[in-house]
Amino acid sequence: MLWLDLGNTRLKYWLTDDIGQIVAHDAKQHLQAPAELLMGLTDRFERYAPDFIGISSVLGDALNAKVSETLSRLNIPFEFVHVDAAHALMKSAYNDQQLGCDRWLQMLGAVDKKKRQCVIGCGTAVTIDLIDHAEHLGGYIFPSIYLQRESLFSGTKQITISNGTFDSVSQGMTTQDAVHRGILLSIVGAVNEISRRHPNFEVIMTGGDAATISQHVNRPVRLRDDLLLNGLARYFDYRNKP
Ligand SMILES: Nc1ncnc2c1ncn2[C@@H]1O[C@H](COP(=O)(O)OP(=O)(O)OP(=O)(O)O)[C@@H](O)[C@H]1O
Ligand SMILES: CC(C)(CO)[C@@H](O)C(=O)NCCC(=O)O
Ligand SMILES: [K+]
């Protein structure tokens, strides 16, 4: 199988064998040209001869159409995931016309009907979702630490910070520190507040910035990098059952 995750920043793929083991995977910045990037990967994909392609995309209809066009040339059946708020594995109270496919799949990949869970995706946006015994209660969307920094950079005259590390949530004494620490605190503070309101929810984090953020959270955090892939596998596994 070939699994694709078309996010706002990166395209990720995983090739798996018949027992679900990953035989190849990668993540690449697509710079809003995912179809062109895929074109360059087709040789690689053909070598593994997957029998099916399952796709998560948050890129919208126009880019998805271009991706479809590129994938059609491979002569391998492919299918985009559609969010289903009434899925057998997890019910959702969220507007399913709007809920991002990556968010939903991350939850589907984590959901456990015996648990209360808080699933946090740390990618281009940070998403925080609450699930109570396989019922999605809703959530929150924040700009990532990098998007927040870009918005300060572009919206102010005196803040010219465009690089530096996010490594502390103590007060800063320079613009550089105040910006990085303020931004990190905005996410960490929100996570701590949500976990304070929901003390018996297991906190699970995934995505590129999960390690940076989790370090400052005052509760044990389970880091998982396989949630979206696991969600894709669960989704198509259910789809293929009568
Ligand atoms: N200016 C930057 N400098 C360094 N890293 C950055 C910068 N902007 C973004 N990033 C990294 O890019 C990541 C966003 O994509 P990533 O693939 O890690 O997460 P994701 O959940 O897959 O995101 P998406 O699916 O939205 O592409 C951020 O988590 C961050 O680590
Ligand atoms: C929130 C992001 C950007 C996270 O990748 C994505 O899931 C998305 O575009 N969602 C649509 C908005 C929503 O989930 O309500
Ligand atoms: K947008």
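The backbone N, Cα and C atoms fix where each Cβ goes, and this holds for glycine too.
Taken straight from TrEMBL:
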- Asp5, Leu6, Gly7, Asn8, Thr9, Arg10, Leu11, Lys12, Thr124: ATP binding site (BINDING)
- Tyr94, Gly100, Cys101, Asp102, Arg103, Thr175: substrate binding site (BINDING)
- Asp102: active site, proton acceptor (ACT_SITE)
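Residue annotation for substrate gives Tyr94, Gly100, Cys101, Asp102, Arg103, Thr175. The furthest Cα pair among them is separated by 39 Å. With Asp5, Leu6, Gly7, Asn8, Thr9, Arg10, Leu11, Lys12, Thr124 listed as the residues that bind ATP, the site has a largest C-alpha separation of 14 Å. Long-range Cβ contacts of Asp5 (ATP binding site) within its own chain (separation 6+, distance under 8 Å): Leu11, Lys12, Tyr13, Ile55, Ser56, Ser57, Asp102, Leu228, Leu229, Leu232. When the C-alpha distances from Cys101 (substrate binding site) to the binding-site residues Gly7, Thr9, Thr124 are tabulated, the minimum falls on Gly7. Within 10 Å of the C-beta of Thr9 (ATP binding site) we count 17 further C-beta atoms, all protein chains included. The Cα of Gly100 (substrate binding site) lies closest to that of Gly7, out of the binding-site residues Gly7, Thr9, Thr124. Annotation note: Cys101 (substrate binding site) sits in a helical segment as assigned by DSSP.
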